[in-house]
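For reference, the structure discussed in these notes is given below.
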């Protein structure tokens, strides 16, 4: 086991804070409408230019192991915020840095770290409750477009195209983002169905850059049982090999010899194939397989209705224009089922939903209806160069996540104003001692940090702007885009409540852990000079003369 280096107390905290600052300072320059770009070096190809906080955070690794631990913990904040709400990563990083910086100062001054953490936690709980009170529903197209615009760095075209997509396929509809061929963004709405099952083996992946499987004009085999014996699939595979078309297998499971053979055939290019598990469980799985069959014009191979997999032919298979499979979900686009049958199936599900007494069943039936009747909207991102395309695509994806979050939990005033208002409205949070009270103050002070950073990035003095906003009421705030003050909602500067809430909760959670850190352990750094001595062994070549 390698020797370890151990740091205690203030030595550990100073190193950790240095790492936090390196990562946070790199990320926070991107915040706000006048945030700057960060250029990331890539081992091959052109460098990546981005304003996406989590993309910057993921690139940072520090040489000093103790500083790196601090940086990695803040990276976790950005990743968690991104996973939960798909946006707000920079806000979360700025909040975490502010809480850690103030918290470690208080610890150095002799305050109890555990009480500070409890105070911070109490303030955050109160703040989240107050955020819910401030939140307003985001239902109309205009509000959705404004949220998308803000998240896409004040690019109105992106906000509008997302709002249009949501209008076309419904708020529950499926919206995907692709790289387009034109200079402008385009919106395509395609009939399709998505379900939450990914590929059964990563060896099916044929688009390594996105980690997905894409099948063009595939046959779709639907089986209501586990498939483990490859003999059952041979007649279908032989028929397919003659057509040269790909195959998607949707079954209860595909395992053992069957899965291994499919993977080998796919890798050798004999048959293009991918397999996914059928969505749902029990009776719901049977119903969803039937939905897919009607959508694609296929038949579900089920022994209970006298159909055996070995006797299945190509006529029993469904077809679609395209299928996209990621590790988490499968999207069937443009199924070739009969329109009349699809409408009849939707009407049947609608009747079931109306008759159902269970809220859960009702929700699931409505979900199935949306998947059958709704479509898939594809936003094709247009740009002049590949570098710009990648940067723009990341912004569109961020904006899409933000609008979904806004529809889910509503919106609050943007530009860091909501957190400032929340901090001023939280009255006396109940605390047990002075250290906890200081923890509350740390959290409330940190809630001003995003506003200060937005102002700083816009070339203004953060403290002056924060003071002006604090003196206002309601949605009064600072519009960094055009350097004016006014009602943020009227100016169309909105943040999804979910994004702001997630950023605050994750930042305080990780910051609390860092404040209560007393010891850090890392491998001792091996001295490069010692390792270099091995080079002398090259002289051993002379031993050839001994023969």
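Cβ coordinates are placed from backbone N, Cα and C, and glycine is handled just like the others.
Here Swiss-Prot has 30, 31, 32, 33, 87, 88, 89, 90, 91, 415, 495 binding ATP, and the candidate from 15, 51, 75, 105 in that same listed site is 51.
Per-site Cβ counts within 10 Å over the binding-site residues 32, 88, 415 peak at 88. Across the annotated binding residues for ATP (30, 31, 32, 33, 51, 87, 88, 89, 90, 91, 415, 495), the two most widely spaced Cα atoms sit 17 Å apart. Of all the binding-site residues given, namely 30, 90, the one with the smallest number of surrounding CB atoms inside 10 A is 30. Cβ contacts within 10 Å of residue 51 (ATP binding site), excluding its own Cβ and spanning all protein chains shown: 21.
Residue 30 (ATP binding site) falls within neither a helix nor a strand when secondary structure is assigned with DSSP, and so counts as coil.
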